[in-house]
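Visitor: Could you have a look at this structure, given as structure tokens, before my questions?
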Amino acid sequence: MASLIYRQLLTNSYTVELSDEIQEIGSTKSQSVTINPGPFAQTSYAPVNWGPGETNDSTVVEPVLDGPYQPTTFNPPVSYWMLLTPTDAGVEVEGTNNTNRWLATILIEPNVQSEERTYTLFGQQVQITVSNDSQTKWKLVDVSKQTQDGNFSQHRQLLSTPKLYGVMKHGGKIYTYNGETPNANTGYYSTTNYDSVNMTAYCDFYIIPLAQEAKCTEYINNGLPPIQNTRNVVPVSISSRSIVHTRAKANEDIIVSKTSLWKEMQYNRDIIIRFKFANSIVKSGGLGYKWSEVSFKPANYQYTYTRDGEEVTAHTTCSVNGVNDFNYNGGSLPTDFVISKYEVIKENSCVYIDYWDDSKAFRNMVYVRSLAANLNSVMCPGGDYSFALPVGNYPVMTGGAVSLHSAGVTLSTQFTDFVSLNSLRFRFRLSVEEPSFSIMRTRVSGLYGLPAAKPNNSQEYYEIAGRFSLISLVPSNDDYQTPIMNSVTVRQDLERQLGELRDEFNNLSQQIAMSQLIDLALLPLDMFSMFSGIKSTIDAAKSMATNVMKKFKKSNLANSVSTLTDSLSDAASSVSRSSSVRSLGSTASAWTEVSEVATEVNELTNSISTQTSTISKRLRLKEMATQTDGMNFDDISAAVLKTKIDKSTQINANTLPDIVTEASEKFIPNRTYRVIADDEVLEASTDGRFFAYKVETFEEVPFDVQKFADLVTDSPVISAIIDFKTLKNLNDNYGINKQQALNLLRSDPKVLREFINQNNPIIRNRIENLIMQCRL
């Protein structure tokens with residue numbers, strides 16, 4: 001039997017020659033090279049003196065409320081509100097373009113009957129009739145004239161409790177506030193040469209950018225924050241600030257502090273992040289109507305763009321976390337459309353984008369502080385993916401969308417095909433968007449999120465613009481470079497080879513002929529015949545077998561043997577013959593970890609499904625200990641492994657040990673085992689399903705957990721190559737006699753080959769499904 005290879009590995013993996021150990025130690029010593037660039041790297045700590053810390057820079061961040069400033073005459077910048085804070089009645093502000101607009105604002109106290117008052121406007125004494133009927137609110141009145149010798153007339157008015165007023169030059173107009181607080185709004189006066197209008201303020205004032213107009217309106221209606229109304233806030237001259245807003249440069253390298261050996265550099269960079277999603281769509285075996293998986297996987301993308309006249313080469317890796325698993329089952333027939341699992345990212349998911357470029361900011365990224373980033377959001381809509389069926393209309397997964405919003409940035413290491421890069425990892429939170437997604441020609445519709453079927457929607461990439469800033473500790477001499485503290489490039493190169501080999505192995509599943517597979521599964525494969533397909537010398541094959549045994553020694557299968565060996569000797573005596581469910585705990589101890597039994601044995605709430613699943617996970621070793629003439633799952637697993645090794649073009653001495661060990665653990669994860677007692681069969685799977693039925697009629701009977709536990713201890717355990725559902729389907733559609741049923745129950749390879757040679761679709765579909773489960 002092909003599974004002999006696993007038993008040989010279990011037996012021989014504990015014997016390692018001393019010379020091999022010495023060689024391995026010597027190899028490890030020679031490959032672990034430590035580079036000592038100085039005392040800081042040697043101790044793995046940064047220098048104690050980090051410099052002055054954060055440096056304030058008022059040219060980058062614009063304040064919302066700038067001031068207060070003393071009364072003055074000046075030309076305010078365009079698109080900035082002057083928020084006036086008068087204290088006494090009278091003229092508060094005036095401005096003119098000296099051509100066709102003279103505009104001033106007068107403050108009138110509450111409860112003033114109509115009377116004539118004298119005001120000084122633009123250097124002249126003017127008589128104006130004013131009034132304020134409100135008992136509590138102050139009144140601000142705009143007065144205007146269009147010629148130098150004309151008369152002033154009253155225009156818009158504002159009744160205000162906070163006693164605040166605003167005026168702004170913008171878009172060929174002069175804007176002011178009017179109405180009544182707390183519902184005041186803006187109005188305007190058209191003015192030529194508006195940008196040259198000088199304003200004279202007779203009270204303290206603040207300056208607020210147009211982008212914060214909503215905040216200015218809030219102050220007009222409700223008053224300034226309390227902190228602005230204390231004696232600690234002292235107005236200063238307008239000359240103390242520069243109104244001109246200086247934009248940050250796309251590339252900024254600023255020396256924060258410097259000593260003889262080290263300096264702190266602040267790197268500010270405008271960046272363009274381009275990324276794409278990758279996916280994996282795996283079709284199940286059978287007649288072509290079923291898919292086992294539609295999932296996301298990490299995607300690398302390399303590109304160039306221009307920043308401040310300089311061409312930048314960048315590399316990104318996009319990955320997702322917190323995916324949601326969905327499935328669709330159109331029925332139990334072989335021709336029913338089924339997707340066992342398809343992944344969707346939603347609000348509870350995260351998207352990570354690792355970014356690197358070839359600028360100085362990424363050269364010495366060992367000690368970093370003050371890392372910050374500001375990125376735009378981006379919407380990612382899903383496309384249409386058609387599931388090609390052999391016959392009939394294709395189901396189409398269509399729609400779905402999410403938006404990515406920046407949620408933070410950290411340091412990371414990004415692995416390309418050949419080198420590891422110090423990178424920035426940008427984390428994005430998600431929000432679902434319209435439209436919803438659906439699977440056309442099925443009942444799946446109205447679901448939200450982005451499915452993995454076609455996440456890029458025929459676009460080459462998505463793009464996000466933004467900026468990051470960090471302070472990095474680097475050598476004062478720019479010719480020096482600090483090394484990566486723990487280099488993992490060699491291991492990552494092996495991981496890359498393993499990743500490519502896994503992909504190749506998984507793609508080879510559809511090229512395996514089932515009749516040849518069964519013949520190969522019946523051969524007593526040993527290590528030499530297993531690896532004979534690899535083009536190498538005998539010495540290399542011997543070394544390869546030794547490396548495989550060393551790796552296999554640490555596998556989950558090998559680790560389970562010692563635990564099982566200790567408990568098997570006590571299994572029979574520890575079984576209680578009581579019919580209660582609780583008594584199963586002592587029997588299960590032979591097939592479960594001791595720690596699991598200790599927590600489960602006293603829990604009456606354990607369901608039958610949980611108990612059978614716990615036992616069935618350990619039945620693989622029980623089956624190995626009581627080998628039968630029937631075919632088992634490990635025979636198929638080893639035969640598939642042998643076939644793929646022979647077909648592979650990328651297998652080598654470095655990757656083979658990992659592949660063999662992974663295959664022993666991951667091939668055929670969903671296994672079903674059975675025991676036979678007279679005319680009754682008890683069957684349990686690793687996912688918790690269980691059946692009990694009669695051999696002749698396939699009629700289900702109640703599942704007796706205690707009986708199953710007893711039979712597991714005393715009787716041979718058989719791999720259910722053809723499980724109960726397949727047997728029942730075969731009997732219902734074709735009809736089988738008792739002898740055929742018994743042969744299939746015992747997994748007789750001759751009978752299996754006969755059904756496959758007859759091209760029986762039900763048996764072929766089951767075997768193909770097992771082959772497709774042989775994935776890494």
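Cβ coordinates are placed from backbone N, Cα and C, and glycine is handled just like the others.
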Visitor: State the residue range annotated as coiled coil by Swiss-Prot; the candidates are 99-133, 239-273, 484-518.
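Guide: Checking Swiss-Prot against the ranges 99-133, 239-273, 484-518, the coiled coil one is 484-518.
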Visitor: Write out how many residues of the region 'Hydrophobic' (389-409) are helix, how many strand and how many coil, based on DSSP.
Guide: 0 helix, 13 strand, 8 coil
Visitor: To which of the disulfide-bonded residues C318, C380 does the lowest count of other Cβ atoms within 10 Å belong?
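Guide: Among the disulfide-bonded residues C318, C380, the lowest count of other Cβ atoms within 10 Å belongs to C380.
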Visitor: Can you tell which of R101, C203, C216 has the most other C-beta atoms within 10 Å, given these are the recorded positions?
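Guide: Most Cβ neighbours within 10 Å: C216.
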Visitor: When you rank R101, C203, C216, C318, C380 by Cα distance to S190 (site 'Binding to sialic acid'), which of the recorded positions ends up on top as the closest?
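Guide: Checking each of R101, C203, C216, C318, C380 against S190 (site 'Binding to sialic acid'), the shortest Cα distance is to R101.
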Visitor: What count of other C-beta atoms do you get within 10 angstroms of the C-beta of S190 (site 'Binding to sialic acid'), across all chains shown?
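Guide: Looking across every protein chain shown, the total is 11.
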Visitor: Please state whether DSSP places C203 (disulfide bond) in a helix, a strand or coil.
Guide: coil
